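In what follows, a structure is listed as structure tokens, so that the remarks can point back to it.
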Amino acid sequence: MSQSLSAAQNIHILGIGGIGISALARLCLEEEKEVSGQDTASSPVIVELKKAGVKIFIGQSIARIPKGTDLIVYSEALEQRAPEFLERVRKLSIPMLSYPQALGELSKQKKTVAIAGTHGKTTTTAMVAHALLDAELDPTVVVGSILKDQNSNFIFGRGEHLVVEADEYKRAFLHLTPFILVITNIGLDHLDYYKDFADIQSAFAELAARVPKNGYVVLDRSDKKLQEVIRRTKAKIIDYGEFRDANLRLPFPGAHNKENAAAAAAAAHVLGVPKKRVLDSLTNFGGTWRRFDYRGKTAHGVLVYDDYAHNPDKIRAAISGYRERFPKQRLAVVFQPHLYSRTKTLFEGFTTAFSGADIVLVTPIFAAREKKDKEISSALLAKRIQKEMKGRTVLFIPQLPKVRTYIERNLKQGDVLITMGAGDIYELADSLVAAAQKKRHG
């Protein structure tokens with residue numbers, strides 16, 4: 001049985017709290033479809049969806065799929081977390097689409113601007129969206145984070161463009177049909193799925209091959225890792241290196257953000273927005289959740305930031321940005337490694353990634369979809385980072401309450417604390433700030 005997203009009227013979403021799939025739920029609501037869903041736990045995303053009118057069940061139950069449902073959209077995370085449940089759902093004979101498949105359908109209905117890359121794709125997607133909104137092109141936007149200016153991961157537009165963050169994990173982005181493809185860079189990541197760098201490179205090249213001859217691929221032509229992409233595409237190549245502006249003043253520091261801005265400017269320029277207008281627009285770009293994200297202060301006046309950086313290149317670039325903004329302050333990083341496979345494969349890179357920090361506190365690995373691997377641990381990682389950072393403090397702290405205690409006892413007013421990682425470490429940042437606010441207000 002098959003059913004298209006556009007034709008479906010009663011849609012049930014499994015894993016509806018996911019940052020990407022929840023945007024799809026909002027889109028379906030805007031199109032006046034009946035939307036319901038379920039997830040294993042509540043979250044701020046789910047609370048907002050309920051306010052918007054989505055019926056959501058907390059738990060996992062086939063009985064909660066409403067009668068009359070004519071399409072089920074599911075998060076691909078369920079294939080690993082709850083394969084038996086997903087198999088039972090498939091036996092219901094209700095048409096099903098994975099989230100990447102549904103997004104792929106959507107991309108056929110609009111002129112799609114897809115932003116891909118190992119690093120920087122979320123921020124660049126948000127920058128493209130910001131520029132097109134400022135230029136009054138009224139795009140629809142789906143991004144894997146919260147856009148600070150809109151306080152949402154989704155914007156419903158009446159214009160012809162869809163701006164979407166293109167996820168390379170499990171080649172999900174190959175469901176998309178981009179008219180404009182932006183590739184920020186290609187690096188090692190998701191090595192629980194990809195065999196090696198050549199495998200990752202081939203996925204990006206395959207995506208570039210999907211762009212039509214009258215379309216555009218935006219990239220840094222001088223990047224040697226992108227030569228296979230250039231070779232495979234039949235579309236016109238736009239070199240975002242020509243859009244770099246050394247004088248650009250962004251609200252967020254770091255050379256990597258200037259690269260993101262250049263890529264965004266090139267993409268918007270293809271759609272008729274003048275370079276100067278884009279770059280002027282980006283000077284008031286509000287940013288996204290978990291990217292150089294200022295959360296507040298601790299009770300002792302420590303500045304608290306949260307950052308999604310979770311592999312060596314991203315960590316190095318992020319810390320460089322914080323150091324640029326805070327050249328004289330102590331930088332303390334609380335790092336939560338994400339996935340055993342990533343920590344193991346990129347281990348050597350992690351050992352040198354924190355050199356710009358003064359204090360590094362390493363918490364246990366956030367396993368997410370993986371089983372424990374006894375060959376790798378945060379304790380081992382902290383020990384190796386310490387060897388690279390002689391004279392500075394590097395500690396493995398196995399319990400989060402003890403991390404809080406360390407921060408309260410050792411960090412002082414003017415220090416900068418950064419919680420870092422792709423897991424739930426941001427909750428520590430928010431709890432420190434909330435405790436300080438509670439103390440101030442009695």
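Glycine is no exception: its Cβ is also placed from the backbone N, Cα and C atoms.
Features of the protein shown, as given by TrEMBL:
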DOMAIN    10-110  domain 'Mur ligase N-terminal catalytic'
DOMAIN    115-242  domain 'Mur ligase central'
BINDING   G117, T118, H119, G120, K121, T122, T123  ATP binding site
DOMAIN    290-423  domain 'Mur ligase C-terminal'
Predicted model, mean pLDDT over the domain 'Mur ligase central' (115-242): 95
Counts of helix, strand and coil residues, the domain 'Mur ligase N-terminal catalytic' (10-110), according to DSSP: 45 helix, 22 strand, 34 coil
Per-residue Cβ crowding (10 Å cut-off), top of binding-site residues T118, T122, T123: T123
Extra residues within 8 Å (Cβ to Cβ centroid of G117, T118, H119, G120, K121, T122, T123), ATP: I115, T124, T184, N185, N260
Cβ contacts of K121 (ATP binding site) (under 8 Å, same chain, 6 or more positions away): I115, E165, A166, T184
For G120 (ATP binding site), the number of other Cβ atoms found within 10 Å of its own Cβ: 25
In three-state DSSP terms, the structure that K121 (ATP binding site) belongs to: helix
Per-state residue totals over the domain 'Mur ligase central' (115-242) - DSSP helix, strand, coil: 46 helix, 31 strand, 51 coil
Secondary structure tally of the domain 'Mur ligase C-terminal' (290-423) (DSSP, helix then strand then coil): 48 helix, 30 strand, 56 coil
For H119 (ATP binding site), the number of other Cβ atoms found within 10 Å of its own Cβ: 21
